[in-house]
Every structure is written in C-alpha cells, then in structure tokens.
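A.B. asks: This structure is in structure tokens; I'll ask about it shortly.
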Amino acid sequence: MVKIGILGSTGRVGSLLIDDLQNDKDAKLSAVHVTSKLLKTLPQDTIVTNDIKVLFDSCDVIIDFSKPSGTEALLTEVIENGAKKPLVIATTGLNKHQQNLLLEASKLVPILYATNMSLGVAVLNKLVTLASKTLRDFDIEIVEQHHRHKIDAPSGTALTLAEHAASARDLNLDDVRISGRDGNIGARTKDEIAVMALRGGDIVGRHTVGLYNDGEFLELNHTATARNTFSKGAIKVAKWIVGKDAKLYSINDALGL
C-alpha cells in the first residue's frame, strides 16, 4: 500500500485526490499539507500539517497540485534539507528559477513533472510531435479553453504542446511563439506557432492543435469533461514512481510511450 501525501489539498484537484484515494485499493492518503481551512472529511489516521518536513516524513510519495510558491518550498526542502521522497508535480506557471530548482532536485530524488496528468493529453503530445515533424509545410496554431477562474495563461498544457511541436521541427519555442494578433501585422511567418487562451464558464480543459495547409487541415483535440481525470492520472503515476532512481521523468515514462 503506497502512502501518498498531498500538497495543494485545498485546491480543486487536491480535493478530488482526497476523494479518489479513499477508494483506491493500492494507495492510501497519509498526509495533507494545508495553508487554509480544509473543508473535507479525512480518514481518521490522516496527518494534517502546515509543515513541509512533516509532510515528507509522513508518506512514501508526494503529489503536488499547489501554486508555484508551494512547489518552490517543496523543492527547497529536497535541495537544502535532504528530504528524500519521490515527487509528482503538476503545478503550472513555474518561473525560470523554479524550473531550475526542479532540475536540481531531480538529481537527488525521482520527480515526475507534467503540466497535465491526463493520460489522453500524454498521447496527444506524441501525436503532435508526429504530425509536426511529418507535416512540415503546415502552419501550427494552438487554442486552449478553460474556466473563468484559471489564473495562468496560456495553460501549461498548451505550452507543453507547443514545445513538442517546435522541437519536432528543430525550433526554439521562445523564438517562434506568439500569443495574439491585432492590427495590421502583416502575413503569417512560416515558423510561428500561435498559442491562444480562451476563458469562460466552467470549462475543465480543452486543447486543440491545428495544422493548416492549402487545401487541407488537421486538428488534434483533447477535451477533459471531469476534473478527476487529472487526480486519477496523478495517483497512477505516483504509484509508478516509488522506487525509481533520482531523475526527472515525464508522464510518457510512466505510460511507456
């Protein structure tokens, strides 16, 4: 039985993790880290703490669906204080410093980082790589749609999809990405990859990667209809990463893609 701790337990997905773990045969909820009141019923033996060290000491693996500042504290505990538990990190919006901490910590403990824990999105990333490499003359446009409360844009998933598309064409995404068009901007350049964000309603998540050419186009789409798509995926990879060597893993590693 894998003992799982949660960072970000008061968030939308964190709340679903608590529910899903209470019905899992191979894993149990052992600890939750809280920074505000937790409005959930927990198993009696669950440790509730606001101390990162206690969280590490109380589980076999930590799932992180927090904010960038929470992820930074988690990684700092590994780097500076020698905490040695595997991490599954799904926080989006990490800045460059936090990304560097992620790389440094992965030399010390196994870390699986994914901007989206959906198994379908993992397959979509592979399809985008294949299509972008094969259809080199096609223009690439990416549109992501989320609920009105999402605070970062574009989504981490959209940026990951764009990274796969750019890498497949030997391009640096920072050199070719645009986030909007307005006014008399001239014709589209050959290599640019547009990543557009839409916000409204209660959309869980929808990502469309379009490849457009004269006479034909291809659109690859993933739509999440329930948020526990992400919690169930995170639990699956948390079980997988226990016992692995220190390294930075992707969800593709866990799925054998």
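Counting begins at 1 with the first residue displayed.
Using the three backbone atoms N, Cα and C, a Cβ is placed for every residue, glycine included.
Relevant sequence annotations retrieved from Swiss-Prot are reproduced here:
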type	residues	note
BINDING	Gly8, Ser9, Thr10, Gly11, Arg12, Val13, Ala90, Thr91, Thr92, Ala114, Thr115, Asn116, Met117	NAD(+) binding site
ACT_SITE	His146	active site, proton donor/acceptor
BINDING	His147, Gly156, Thr157	(S)-2,3,4,5-tetrahydrodipicolinate binding site
ACT_SITE	Lys150	active site, proton donor
A.B. asks: How big is the NAD(+) site in terms of the longest C-alpha to C-alpha distance among Gly8, Ser9, Thr10, Gly11, Arg12, Val13, Ala90, Thr91, Thr92, Ala114, Thr115, Asn116, Met117, in angstrom?
C.D. replies: 20
A.B. asks: Taking the centroid of the Cβ atoms of His147, Gly156, Thr157 as the (S)-2,3,4,5-tetrahydrodipicolinate site, which other residues of that chain lie with their Cβ within 8 Å of it, listed in sequence order?
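C.D. replies: These residues sit around the (S)-2,3,4,5-tetrahydrodipicolinate site: Thr92, Thr115, Asn116, Glu144, His146, Lys150, Asp152, Ser155, Ala158, Gly205, His207.
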A.B. asks: For Thr157 ((S)-2,3,4,5-tetrahydrodipicolinate binding site), find which of the recorded positions Thr10, Thr92, Thr115, Lys150 come within 10 Å, Cα to Cα.
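C.D. replies: Passing the 10 Å Cα cut: Thr92, Thr115.
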A.B. asks: Residues with Cβ closer than 8 Å to the Cβ of Thr115 (NAD(+) binding site), same chain and 6+ apart in sequence?
C.D. replies: Ala90, Thr92, Ser155, Gly156, Thr157, Leu159, Thr160
A.B. asks: Within its own chain, what residues at least 6 apart in sequence put their Cβ under 8 Å from the Cβ of His147 ((S)-2,3,4,5-tetrahydrodipicolinate binding site), listed in sequence order?
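C.D. replies: Listed in sequence order: Arg199, Gly200, Gly201, Asp202, Ile203, Val204.
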A.B. asks: I'm trying to understand the geometry here, so how far is the Cα atom of Met117 (NAD(+) binding site) from the Cα atom of His146 (active site, proton donor/acceptor), in Å to the nearest whole number?
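C.D. replies: Roughly 16 Å, rounded to the nearest whole number.
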A.B. asks: Rounded to the nearest Å, what's the C-alpha distance separating Lys150 (active site, proton donor) and Arg12 (NAD(+) binding site)? Just drop the number here, would you?
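C.D. replies: For Lys150 (active site, proton donor) versus Arg12 (NAD(+) binding site), the Cα atoms are 11 Å apart.
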A.B. asks: Would you identify which of the recorded positions Arg12, His146, Lys150 has the most other C-beta atoms lying within 10 angstroms of its C-beta?
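C.D. replies: Answer returned by the neighbour count: His146.
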A.B. asks: Would you mind ranking the binding-site residues Thr10, Thr92, Thr157 by how many other Cβ atoms sit within 10 Å of each Cβ and giving me the lowest?
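C.D. replies: Ranked by other Cβ atoms within 10 Å, the binding-site residues Thr10, Thr92, Thr157 bottom out at Thr10.
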A.B. asks: Within 10 Å of its Cβ, which one of these binding-site residues (Gly8, Gly156) has the largest number of other Cβ atoms?
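C.D. replies: Result for the most crowded candidate: Gly8.
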A.B. asks: Test of understanding: give the count of other CB atoms lying within 10 angstroms of the CB of Ala90 (NAD(+) binding site).
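C.D. replies: A count of 24.
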